[in-house]
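Engineer: Here's the feature list from Swiss-Prot:
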- K11, G12, G13, V14, G15, K16, S17, T18: ATP binding site (BINDING)
Amino acid sequence: MAIVVTITSGKGGVGKSTTTANLAIGLAESGKKVVAVDFDIGLRNLDMILGLENRIVYDVVDVMEKNCNLSQALITDKKTKNLSFLAASQSKDKNILDKEKVAILINALRADFDYILIDSPAGIESGFEHAILHADMALVVVTPEVSSLRDSDRVVGIIDAKSNRAKKGMEVHKHLIINRLKPELVANGEMISIEEVLKILCLPLIGIIPEDHHIISATNKGEPVIRTDCESAKAYQRITRRILGEEVEYVEFKAKRGFFSALKGIFS
């Protein structure tokens, strides 16, 4: 039975879709059968990050409205064994989703995959509640900014109140991904520190992605950065291993001496 992992955020533009794409590839390359599902109806871009935009014929709404069957809509990534993709509709209204149709889709996917990664709309947008409804695990992507943290705190509350697991008295395993970290700005007091982020959101940390220009270049080429050897690629690989249950040390990025010693202390 598949594990449903919803990748979400409190606001848009924090790297949620990029994170979904790279973790989907990481899990697939670890031997897991993975499907990445784009639930961001009307604003899809997961297809471009994966380099699959030219292969879309049917989308998730077509499946739910029975315009096609699921196998017709699923796209197999030719570059990554074990990875499939289900695109969001670019033209339909987000309100077209309903709980019954979403449940049918997720149950069908559970039968065939080890991991279902859902790229959720941001928490302030319509459709968010459908994306977190069936989550076993939620990865909350934030940037070290006040607005991102504030909106993400609201998202955590919705997950704890409205997911199916929460309604059954079970916990959705929530973890924090801090994206676009600039250690030099933290060291200078110009960016919120990791320790402060953890205190504000009270979620366990599963990974830190440093600011990296390679991500922009990779996205523009439709080649997810995890396939490269840059620092952000290694960060996504470490998060993948943690999702799979490995204990992976948190590494030091280049910054003023002493900055990451505090981080190490949190996990010692």
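Yeah, the Cβs are placed from backbone N, Cα and C, and that goes for glycine too.
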Engineer: Whose Cβ lies within 8 Å of the mean position of the Cβ atoms of K11, G12, G13, V14, G15, K16, S17, T18, the ATP site, other than those residues?
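Structural biologist: Going along the sequence, the neighbours come out as S9, T19, A122, V141, N179.
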Engineer: Around V14 (ATP binding site), which residues of its chain at least 6 apart sit with Cβ under 8 Å of its Cβ?
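Structural biologist: Correct list: V141, V142, T143, S148, N179, R180.
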Engineer: Which number gives the other C-beta atoms within 10 angstroms of the C-beta of G12 (ATP binding site), all protein chains shown included?
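Structural biologist: By my count, 15.
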Engineer: Would you say which of the binding-site residues K11, K16 has the most Cβ atoms within 10 Å of its own Cβ?
Structural biologist: K16
